[in-house]
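Record features (TrEMBL):
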type: TRANSMEM; residues: 25-47; note: transmembrane segment
type: DOMAIN; residues: 41-287; note: domain 'G-protein coupled receptors family 1 profile'
type: TRANSMEM; residues: 59-78; note: transmembrane segment
type: TRANSMEM; residues: 98-118; note: transmembrane segment
type: TRANSMEM; residues: 130-151; note: transmembrane segment
type: TRANSMEM; residues: 206-225; note: transmembrane segment
type: TRANSMEM; residues: 237-258; note: transmembrane segment
type: TRANSMEM; residues: 270-289; note: transmembrane segment
Amino acid sequence: MDVGNKSTMSEFVLLGLSNSWELQMFFFMVFSLLYVATMVGNSLIVITVTVDPHLHSPMYFLLTNLSIIDMSLASFATPKMITDYLTGHKTISFDGCLTQIFFLHLFTGTEIILLMAMSFDRYIAICKPLHYASVISPQVCVALVVASWIMGVMHSMSQVIFALTLPFCGPYEVDSFFCDLPVVFQLACVDTYVLGLFMISTSGIIALSCFIVLFNSYVIVLVTVKHHSSRGSSKALSTCTAHFIVVFLFFGPCIFIYMWPLSSFLTDKILSVFYTIFTPILNPIIYTLRNQEVKIAMRKLKNRFLNFNKAMPS
């Protein structure tokens, strides 16, 4: 975007999810509770995995990083939306809008690569168990996490650079509760069809391709598990099922929004709420309720905390 254009357009108005005061108060209460639960649930996973030495394995290391990304994804726009419902101040500066676009694509891009790393971990563990220790080493896990963040940064920078080139001439009303390219480019004074093709090529196809790769990898894993009937295979099946649920819940809305960037704003709003607010809280629920090891570790952590409090002098 040129300097003159940016100087004449200093802020956007976020229309949010509804103009109804009653609905806004309802959203304020619901999203506040969900946000707090997301932060507490994911923080508990990070603390539990960090403290319990029995969970110091590649899978839980990746799970910890997933929880960190989920907390970040839940925080880039939700706190502002909650605050806006109280203050009624629903504007966001141009730089603030770009910041939201950057962090949204940073966290979603990083999570996509991390989910692929988690599926690779499960594939090696189940399909090539004898090679697991040599293939999935601590160094490899660190490299996968670093690579996921690097890819996330590269992807988010491409989106921000693209947004900077858009000429805006009003109105400056974003029909959502946060800034993202599919809604922001609707305000640009250029052909939206070309912009839609950019969105499909840079985000939609990437998300769809990664989902297909992940789907195929989990199909291979589940077919391998099906040929075994041991207790370990049952545990592997449960773990992979949980992983795939997370993948489907995360990729589904992303693929729809970025493969059809000119679709209904109402549909996009609902899906945006789903993958920025609901998915981050579903991850700890899915992983903790379906994972016996994590539940045992959390009980130990709770008992340790209670015993520590009892030992403290009154």
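Every residue, even glycine, has its Cβ placed from backbone N, Cα and C.
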How about the transmembrane segment (270-289) with the transmembrane segment (130-151) - do they touch, taking at least 3 C-beta pairs under 8 Å (6 or more apart in sequence) as contact? no
Is it the case that the transmembrane segment (130-151) and the transmembrane segment (206-225) have 3 or more CB pairs under 8 Å, with pairs at least 6 apart in sequence? no
